[in-house]
């Protein structure tokens with residue numbers, strides 16, 4: 001079903017910067033209530049990334065009366081489009097998750113298109129809504145888009161039309177990655193990693209991690225168990241809490257999984273064997289990213305950003321901790337890596353995005369401030385880095401040749417926290433530097449945007 005554009009143009013028009021300053025400052029509480037990690041009775045200081053509404057930041061922030069040109073960082077990299085707090089705009093619903101407000105609630109799924117006259121600028125080109133619940137994960141491969149939600153469904157869209165889907169038995173879909181040989185790995189709230197493969201007949205489940213064979217082999221040896229709570233032992237090669245993140249290094253043939261059980265696991269893609277189980281953090285791992293120079297980055301609710309490297313040990317290899325780039329009070333919530341420029345970006349629950357430069361021995365490059373509340377997701381696309389937040393907005397930043405960053409635009413059409421982002425480059429001849437960006441939100445929708453690396457900056 002295709003819905004024509006609204007005649008009023010108020011809901012899907014590209015907002016001006018003045019409109020942005022008057023946008024709704026309230027972050028959605030839904031992220032805390034849906035999929036949030038429950039507090040542990042054994043750790044009252046648990047710092048889950050999803051509890052950002054209850055955490056107080058002790059980091060420097062831009063106040064309401066700050067000057068647009070105020071520099072708050074020694075690296076001259078602190079920008080904030082937010083200078084005022086205003087009341088909700090008339091076009092916003094007081095309850096963004098009230099489905100009777102949405103024009104899509106009468107249809108099981110819809111796709112709404114919108115043209116952008118100036119292809120050099122950034123803006124919305126479409127909206128996908130399907131009543132599958134809040135969208136927690138996204139992955140794109142060619143003309144296919146995979147979306148995961150709290151309904152346990154993985155929905156597949158082809159050319160932005162509802163193509164097919166498959167469903168897990170339990171556990172909302174928190175993360176999705178796709179290999180070059182068309183295998184889909186999904187991480188779930190129930191602690192399981194499921195493996196799927198597509199064919200002409202659709203998508204079928206072909207296994208899980210660990211494999212049944214490895215599980216049975218390891219389970220007979222008591223040395224393969226670890227105590228997670230008093231009188232409760234679990235097999236080391238299995239996650240016993242939500243799988244929050246997955247990352248691929250296909251060059252090395254490895255899959256990395258991070259979990260709220262505080263462990264990082266390393267899987268070999270060729271035979272799905274668990275090579276390592278590392279007690280990587282002191283609290284829930286929220287994000288993992290395979291990086292440049294064979295490095296691996298992990299971020300967690302303990303506020304730490306750690307760097308790991310795979311090195312030879314005996315007859316095999318093992319990942320060793322080589323650096324801790326950051327240790328703070330606020331949870332680390334998202335990571336993205338620019339492989340070309342060797343830069344790692346780190347989002348936090350205080351709304352900041354810090355970055356480190358590999359060409360300068362992972363020295364701190366600066367801080368980007370575009371969100372008033374938690375950064376929930378990051379994506380790197382060419383010279384761009386995009387950040388989605390609990391404030392319902394997406395900030396588009398461009399890395400300049402001198403290493404500074406400019407804010408190109410703030411995308412504001414979601415009415416719920418932006419939970420996931422992914423981007424694919426346009427394949428047209430004139431598509432150099434143009435990207436199609438997909439954003440999933442707790443408003444149960446996926447927005448489709450066009451962003452351009454050559455767009456004029458708003459700030460910076």
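From the backbone N, Cα and C atoms, a Cβ is placed for every residue, glycine too.
Here TrEMBL flags 47-76 as compositional bias 'Polar residues'. The region 'Disordered' annotation in TrEMBL covers 1-76. The repeat 'WD' feature in TrEMBL is assigned to 236-277, 278-309, 325-357, 368-397.
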Summary of DSSP states over the repeat 'WD' (278-309), given as helix, strand and coil counts: 3 helix, 20 strand, 9 coil
Summary of DSSP states over the repeat 'WD' (325-357), given as helix, strand and coil counts: 0 helix, 22 strand, 11 coil
Average model confidence [pLDDT] within the repeat 'WD' (236-277): 96
